[in-house]
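Student: From Swiss-Prot, for reference:
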type: BINDING; residues: ALA134, ARG135, THR136, GLY137, SER138, GLY139, LYS140, THR141; note: ATP binding site
type: COMPBIAS; residues: 639-653; note: compositional bias 'Basic and acidic residues'
type: COMPBIAS; residues: 665-682; note: compositional bias 'Acidic residues'
type: COMPBIAS; residues: 700-709; note: compositional bias 'Polar residues'
type: COMPBIAS; residues: 861-891; note: compositional bias 'Basic and acidic residues'
type: COMPBIAS; residues: 903-913; note: compositional bias 'Basic and acidic residues'
type: COMPBIAS; residues: 915-932; note: compositional bias 'Basic residues'
type: DOMAIN; residues: 121-293; note: domain 'Helicase ATP-binding'
type: DOMAIN; residues: 360-515; note: domain 'Helicase C-terminal'
type: REGION; residues: 1-62; note: region 'Disordered'
type: REGION; residues: 336-367; note: region 'Disordered'
type: REGION; residues: 639-719; note: region 'Disordered'
type: REGION; residues: 784-807; note: region 'Disordered'
type: REGION; residues: 835-932; note: region 'Disordered'
type: MOTIF; residues: 90-118; note: motif 'Q motif'
type: MOTIF; residues: 241-244; note: motif 'DEAD box'
Amino acid sequence: MPGRAASPAMSENEFDITNALFQNDSDSDNEAPAKQAKRQPKAAAPQQLDFLNGGGDDDDEDDEAFIAETQASANRKASNLKGRTVKKGGGFQAMGLNANLLKAITRKGFSVPTPIQRKTIPVIMEDQDVVGMARTGSGKTAAFVIPMIQKLKSHSTQVGARGLILSPSRELALQTLKVVKELGKGTDLKAVLLVGGDSLEEQFSMMAGNPDIVIATPGRFLHLKVEMNLDLSSIRYVVFDEADRLFEMGFAAQLTEILHGLPSTRQTLLFSATLPKSLVEFARAGLQEPTLVRLDTESKISPDLQNAFFSVKSGDKEGALMYILHNVIKMPTGPTEAAQRMKEENASGKSSKFSKKRKRSDDKAINFKESPTKHSTIIFAATKHHVDYLYSLLNEAGFATSYAYGSLDQTARKIQVHNFRTGISNILVVTDVAARGIDIPILANVINYDFPSQAKIFVHRVGRTARAGRTGWSYSLVRDSDAPYLLDLQLFLGRRLVLGREHGDQVNFAEDVVVGGFPRDGLSQSCEWVNKVLDDTVDIAAQRSVASKGEKLYLRTRNAASLESAKRSKEVVSSDNWTALHPLFNDETSQLEAEREKMLARIGGYRPNETIFEVNNRRSGKPENEEALTTIKRVRTTLDSKKKRAQEAKSEFVDDDVPTKSGDADADDAEDGAFSDEDEAGEGAADNMSLASESDLEVTFSSYNQPSNKKAKKEASATSFQNPEYFMSYTPNNTNMAEDRAYGVHSGTNANFAQASRDAAMDLLGDEGSRGFGEPRTMMRWDKRHKKYVSRQNDEDGSKGTRLVRGESGAKIAASFRSGRFDAWKKGKRLTRLPRVGEAETPGLGADLNHYRGGRRFKHNKEQAPKRADPLRGDYDKMKKKNEAAKERQLGKFGGAAAGGKSELKGTDDIRLARNLKQKRREKNARPSRKK
């Protein structure tokens, strides 16, 4: 009987059951009979199919059940198959990494790549330049370390570093070095750390030892590059970690100088939490056709996010914040459950006895994929002074609070963020600069205490909540001066603007921009509590004063809103619905509150028909000055008629002269003070443009350009040289400032870096001064001692009082970088030259020079002569004893033999002693001298 043909390969949606059907067939070409004999006893009884005696519907049902069971077993997860190692799809195994690196990744504890790792590692493996936007805690360090180790593989015997990682701070560089060592355990790659504060001589020895990977801060690496005249032509892999902080800390000149010395064939990676304009320009100049990698969750607002905007006065912001925390979020006061649990463990004595073991177990038990607490809230403030003030105020209210801002110490910031992520605190008060690098996977609420000046910043703030299919809330406090920015945001999001209860209960917080006020009673109680705290606590009152001064600088430097939104905001703020009760407070008591608010609004808006002079004269019953009363009535009548004519002219201008985009319905909405949805306006504009004729356009634009007064006619005649038929403006006619400042959320691809970077670019204002993010400080300052202006660059790079020299790129660098210490080090080590890039390395050169073996540094026992004793100093006796002790040890500096040496010259005493010893030896031996 001929052998049965092998079954075809399974398709994507099907599976093969022929092995179960023909498991007793020994003529199969795929398996040997011996193997089948071994597998035959393992066959399950239900898989025995009887085709002779069967039939009917029961067999069909059995077949369907069998196929379903087989399919379920094929789709079973690999974790359920005990005793088998199944390769998981979509993990690190599918990225083509070597076995040693996969073992190191598993040992590190990584099982599934994070979103930023899943997007960047395949692109980096294809040798493309990458600009990745990722926050701290999202796994970006492993995202560039894993491809680097995969590319470098092992230590190279040729001289020259091949990988360079630049970090903004010493702490981040140490953290990166730790990750490199852990992931590179299966290789012999050498990694060195070059940061400020360490000995230059030791770093000379490290660089002489031919490292493969250099992890450094820009200032110290540039110092070594200039001092040692390093050749960077061998570097293949360059990483700028947290590039926005690199530029913020003033390393732009150092980065430009370092970038100039790198080869053009390098692969450059740039990771940043945000993209300032200066960083985009740097990426365009230093990277070759880069790919922008950006997570969707960081560029779009989640559809599950619900937004609420509250109109408040400047003096009621603190009370409004307290009302939101107490009554809307219902934030609990006192220590959290995590803080109480930690306190109990510390009290029980476990922490003192098993401190290290407990710390490891707690870190493993914490699941950062889950929400720290169900009330976890981030509050965004404008400056660091606001952060300090709100932190003190919230602590006084009894909330568990953490804080962070840009100039906060790195260790303190890490502790504060760790407390928030682990649930020890419920509230985190931050600035935009400090929060751009903090990654909180799941967040419940976001509060904008100070409304952002750009729509991008709003998206960046609220993008931290409503992730992974969960719902989230954002609450924003909007003052009257913030209304233009709110309208810019409404245009940018393309959502309907709802003021108060003008649409009744038909509002959607996830799709509308809903604005309203707080209940008056609840807000007044919160404001009274805040005022009482300010009166009782002097420190908090002083912090509020400092915060108000910082707010003036912040308002002076924030971006201006669009002109159209500024005009619209006047009408919106003046409407009664601006301060109406917010639809979020929709219950029986809120209905009574709404009626009460209307009554108070009518009372507050009452304007009598008579002036105070007329009322007084009418009450007295003696019109003493009839002439004055007549004059007042005549003036009032004239003013009323002027107001009436102005309103009629305005209504005619809106109805006839101004061309609308979305037809008569939108024009009516504009008269009523409501603003239509941007999508509807876009559809109406498209319909109008498709039906409009040349004559209609000519009439429309000519009526729009007609001057309305003599001044306008004069200006029009001055610019009459512009022929509207041929004139081309340098700006498009449909320019929207809100969209130009922001980016399109629902459009755009990352294929073009110029377009993608323009969409993602965002500048943040500084949180402690008037200087904006990425803006250079004043280049000169007044030197009181020398009575002249000097460069501030000397203060920033540590070379104050010294001159500057030009580097290879033409940029000015500190002259102290060329101090000659490397030449003195080589002379002390008796080295004429070090191996150049491309030559074979000298075995053990770096280890012999600095006793650096196996990553351990051995302490030397060098002795030096003390300073000579000065009789005029107070420590003369002490130094004299030190000199006498040094002379006794016979150091060569004071004459005589060195310690442990032997003098070649013999004196009379030495000769006499030698003769006596020789005579004693003769007597001891008692042997006569030999005579020949």
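Glycine residues also receive a Cβ, built from the backbone N, Cα and C atoms like all the rest.
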Student: Helix, strand, coil residue numbers for the compositional bias 'Basic and acidic residues' (903-913) per DSSP?
Tutor: 6 helix, 0 strand, 5 coil
Student: Under the DSSP assignment, what numbers of helix, strand and coil residues are found in the motif 'Q motif' (90-118)?
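Tutor: Each residue of the motif 'Q motif' (90-118) counted once, the result is 18 helix, 0 strand, 11 coil.
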Student: Using a Cβ cut-off of under 8 Å, list the residues of the same chain at least 6 residues beyond the motif 'Q motif' (90-118) that approach it.
Tutor: 125, 132, 134, 138-140, 142-143, 146, 149-150, 153, 182-187, 293, 295, 297
Student: Helix, strand, coil: count each for the residues of the motif 'DEAD box' (241-244), based on DSSP.
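Tutor: DSSP classes over the motif 'DEAD box' (241-244) add up to 2 helix, 0 strand, 2 coil.
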Student: For the domain 'Helicase C-terminal' (360-515), report the average pLDDT of the model, please.
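Tutor: 83, rounded to a whole number.
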Student: Who sits close to THR141 (ATP binding site): which same-chain residues at least 6 apart have their Cβ under 8 Å from its Cβ?
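Tutor: In sequence order, GLN175, THR176, VAL179, ASP241 meet the Cβ cut-off.
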Student: Show which residues of the chain containing LYS140 (ATP binding site), separated from it by at least 6 in sequence, have their CB under 8 Å from its CB.
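Tutor: For LYS140 (ATP binding site), the qualifying residues are ILE116, THR120, GLY132, ALA134, ASP241, PHE271.
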Student: Give the sequence-ordered list of residues that share a chain with GLY139 (ATP binding site), lie 6 or more positions from it, and have CB atoms under 8 Å from its CB.
Tutor: PRO113, THR114, ILE116, GLN117
Student: Whose Cβ, among the binding-site residues ALA134, SER138, has more other Cβ atoms within 10 Å than any of the rest?
Tutor: ALA134
